[in-house]
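Since the structure comes first, as structure tokens, the remarks are kept for the end.
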Amino acid sequence: MNTCRDVGYTEMRLPNFLGHSSLEAEVIPKSQEWVPLLQTGCHPHARTFLCSLLAPVCLDTFIQPCRSLCVAVKERCAPVLACQGHAWPEDLDCDRFPAQEDMCLSPVSKEAEFFYKVLPRPTCQDCPEVEEPFAHKRVLEAFCQNNFAVKVKVHRRRIPADELEFEIEGRVEFISQGHLLPYDTRNLLQQWLFVNEACAQRLTRGGRTLVYVLAGDVHNGVVAVNRIFPWYRRDTQLSVAVRKWKHHKC
């Protein structure tokens, strides 16, 4: 089962914690439903939490996730799930999991949780209109009004399950780095596409790889894209704006 591959064990037990007794008929289809959420990277231990319920390790007794782990995952992932049109499932109510942390799947440490919270993360948002850069001054104003600006290639491809997968192709070119982390920006924008799938579909119309300039903000660790400009090879206004930005004073 691909969803729960590389979780630290190779044998699972059935029925699982959710009452599924058939791997092919129940567990695998159910696990596939969670793939869009897991792709967003909403919490680094979301996969571990879900797999402890769907594909529990084969022991004499269930090793349930601790309540605090459930709360941490729900806090970060429930808003993303809502963005995808789904509520947090009732059978994953955190109150049903043990509060004592000596006989359950331990939560992450407070230090690690703090680290995850300070890392920039994408947010569910309305998709900005794709603007034609008719004048370079308009683009410079957009750069001034936002914390970061990047040039990216956005690509769409079909995966075997006939679902769409969106990706940032190649490296991210920084126009204005702002509060973005160089080593994590490509992954961050990739997650932004998964969180905001409707926007990703708009940016990949026709199935071609398209180039865009994205301008946005990082506020309280949350990343939002506010302006989108298509990059055409012969578009001199956008090229002029990018060149002038290095010496521009807002």
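The backbone N, Cα and C atoms fix where each Cβ goes, glycine too.
Taken from TrEMBL, the feature domain 'FZ' applies to 1-107.
Look at TrEMBL and you will find C70-C94 tagged as disulfide bond. Taking a C-beta cut-off of under 8 angstroms and a sequence separation of 6 or more, C94 (disulfide bond) has the following same-chain neighbours: R67, C70, V71, K74.
Mean model confidence of the domain 'NTR' (127-250) amounts to 90 (pLDDT, 0 to 100 scale). Annotation source TrEMBL lists domain 'NTR' at 127-250.
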Neighbouring C-beta atoms (10 Å sphere around the C-beta of C70 (disulfide bond)): 23
DSSP helix/strand/coil residue counts for the domain 'FZ' (1-107): 51 helix, 4 strand, 52 coil
